Amino acid sequence: MDASTSGTPTIQYHNIPEQPIATIVATFQRLQRHCFGDSSPGEFPLSANPSIVLHVLTACNLDPHDLARLEASILQPAHFAPDHGLSLSELAALDMCQKRAIFKPMTEVERINLKERCGGSWKLVLRFLLAGEACSRREKSQAIAGPGHSIAVTSNGAVFSFGSNSSGQLGHGTTEEEWRPRQIRSLLGIRIIQAAAGAGRTMLISDAGRVYALGKDSFGEAEYGAQGSKLVTTPQLVESLKDIFVVQAAIGNFFTAVLSREGRVYTFSWGNDSRLGHQTEPNDLEPHPLMGALADVQVVQIAAGYCYLLALACHPSGMSVYSVGCGLGGKLGHGVRTDEKYPRLIEQFQTLNLQPVVVAAGAWHAAVVGKDGRVCTWGWGRYGCLGHGNEDCESVPKVVEALSEVKAVHVATGDYTTFVVSEKGDVYSFGCGESSSLGHNTGGADGQGNRHTNVLSPEIVTSLKQVKERVVQISLTNSIYWNAHTFALTESGKLYAFGAGDKGQLGVELAANQTERGNPERVDVDLN
């Protein structure tokens, strides 16, 4: 290929060290791409046609990420049959898709359907898979601070539960409280990759896409509805979801939402006169897909708050957030406080030039982390939970300016409480200080200090600095009827808890007449 006569624009190369031609050719001869070839099936030696490198750089629309993936894939055997119709960048992307846990068990037809839903590109499929893994900690350890009870999932898929158990939501076959983490023995042999906790209810997702539920069989808080005529004290397979490969569940008030492997969102049991994206009866247990604006959009994460749902979606042009449900306090992010019966795109992120990568739905407010590390909050600002230095409501996402020098990677929201984790592993919190759930214990000769004080702007959680290890996840209670507790998970799998512990939900034994812990304490469970 002669670049000077082919019409190909001149390429400017920068910072490329000079090497003898013999060295470069020798390198090419050593690298073999196991894709296709005529002489030796499975071999594709680059040295046979070095000009292919120029073709890749000029004709395959590669960005820096593509080049990195291409380099990695050239050095490794491929995981797919030959396909002469794919560019090298598409081959590299398909090769990497093959290594993802969710992609591996898919049939060829399912893979092609997913590719079409993602815009007809394996690069877009790969981005969809990686985005889902990153924001929901799929295939990694996690801890869930539910309303009165707690769930911990190890990296190997074992599940431990502790705390309130009045509805059998701990899954041990009883309704007795447990303060010490106890493994759910009936799940031995089943690898759990994700968990969700609601009032008196727990849902667990296996690596095979199956959903197990335990606790009360009705949705809604006890103050607003029946406790349920049936208590499920050991994990039971949800039959209505058996034909959907589920990768995430989110329990809101009066409804549950699940996310399928293909990026579709299903909801059921809304529980009152409002409908969440479809027309069903309040006690309808059958899952129904959220259509409308989400009909042809791939969702990578869902988050449920008090009577509303957020969906983080992956478009060919970038990431976006949709909301549906109750708009009280402006928590849907559309600039108004009206309800939305069908999913609606939050347009403010385009105005802010922010690409959302993580979304969190608190009871009355919401938060997002952008690709550039900025944090946005919106909704009801009571107690300072939005972090803007006041208690004002915000009906559209607003950047938390106090965190402008912090590159965030994770955010968690609860009932008027927000936590942010930085790239360095530092943790910031703000909002309601009730139950010592913010982790601020500075000042005071008695050690109490300002542990119950509301915080209007982000403050670093100094008590977690004593852990001397990078925090990767924060989970806190997201319910208006339960005192909050908080979990901090470190990169080595250590779990620390603080806040309310009156039902044993901290996983640590409290002294007589003690109902909470202001300082993080190590929970006796290894999540790695």
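The backbone N, Cα and C atoms fix where each Cβ goes, glycine too.
Bear in mind that TrEMBL entries carry predicted annotations, made automatically and left uncurated.
Listed features, source TrEMBL:
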type	residues	note
DOMAIN	141-476	domain 'RCC1-like'
REPEAT	157-208	repeat 'RCC1'
REPEAT	209-262	repeat 'RCC1'
REPEAT	263-315	repeat 'RCC1'
REPEAT	319-372	repeat 'RCC1'
REPEAT	373-424	repeat 'RCC1'
REPEAT	425-492	repeat 'RCC1'
REPEAT	493-528	repeat 'RCC1'
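Highest Cβ contact count with the repeat 'RCC1' (319-372) among the listed stretches 157-208, 425-492, 493-528 falls to 425-492 (criterion: pairs under 8 Å). Using DSSP to sort the residues of the repeat 'RCC1' (493-528) gives these counts of helix, strand and coil: 0 helix, 13 strand, 23 coil. Here the repeat 'RCC1' (319-372) has, by DSSP, the following mix of helix, strand and coil residues: 8 helix, 25 strand, 21 coil.
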